Amino acid sequence: MGVALWLCPKRNTPTYDKLITVMSSLNTLFPGSPPKFEPHITITTNISLDLADQSKTKDDVDRILSASAVAMNSLPKNHESLVKLGNVNSQRKFFKKLYFEVEKDPNLVSFARIIRELFVIVPQDIEKENIKQNPQLYTKDNNGNTIRRKPSKKKSKTTEVKEFDTSFIRQAAAYKAAEWSVQEFDPHISLVYSDLWPLHSALWRNINTRISDIDWDIEWEFGVLKLVLCEGDVNDWVVLGSVDIH
């Protein structure tokens, strides 16, 4: 997943408190110790971010969060709530073991499409083209992945870099993002991460009982946007930065 953008309800709100309560309760129904995590909707994963240079990482995080906040605040104010919860569902996947479906609100879909285009597809496709145009800037790591060469500390002849037009790449990215938002974007709020499968009928009865104990007539507009490094164990995930949306 790499770096993901999350949309979270604000802390100390009815939505946040209810989700935390039911997530903690449901965790006890599953074997082992399922990892704990914040309630969130994943807007997109695989955001392009330079994690090698910490000073540059901070600038990139601030830039992405600022642009994301602008994009969200520019959405049409044509209805009350951006996020509306649907049914509880389950899949075989670890990260979608138990979750609330979230309605594909047109504004939420538009926001996800914008973020996917600007911070996933465009940088990835420009990098791919740069590898073709300027292979001298890249090398292979021990796993055979193409990575940028580190600048040499030795004085050497300046490497000539070929410039190329990115307008077509950016244009194509808009179409790719639109297609992704329709076919792949699946907004949801995970409740439990687990390897357990299938969920037997007795477990489902307990799940439904615990969920029905809470008034789920909740929805939220805006909230908090967080960039999260989702690598390794869930308990090791790191929030790189956040911004409140008003």
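Just so you know, glycine gets a Cβ as well, placed from its N, Cα and C.
Swiss-Prot lists HIS40 (among others) with the feature active site, proton donor/acceptor. In three-state terms derived from DSSP, HIS40 (active site, proton donor/acceptor) belongs to neither a helical nor a strand segment and is classed as coil.
When other Cβ atoms within 10 Å of the Cβ of HIS188 (active site, proton donor/acceptor) are tallied across all protein chains shown, the result is 18. Swiss-Prot lists HIS188 (among others) with the feature active site, proton donor/acceptor.
The substrate binding site annotation in Swiss-Prot covers THR42, SER190, TYR193. Same-chain residues at least 6 positions away in sequence with a Cβ under 8 Å from that of TYR193 (substrate binding site) are, in sequence order, PRO34, PRO35, PHE37, PHE94, PHE95, LYS97, VAL234.
Listed by sequence, the residues of this chain that lie at least six past the ends of the compositional bias 'Polar residues' (133-146) yet keep a Cβ under 8 A from its Cβ atoms are 159, 161-162, 164. Residues or ranges marked as compositional bias 'Polar residues' by Swiss-Prot: 133-146.
Residues annotated as compositional bias 'Basic residues' in Swiss-Prot: 147-156.
The region 'Disordered' feature in Swiss-Prot is assigned to 133-159.
On its own chain, SER190 (substrate binding site) has PHE37, HIS40, PHE95, LYS96, LYS97, LEU98, TYR99 as residues at least 6 apart in sequence with a Cβ closer than 8 Å to its own Cβ. The two recorded residues, HIS188 (active site, proton donor/acceptor) and THR42 (substrate binding site), show a Cα separation of 7 Å.
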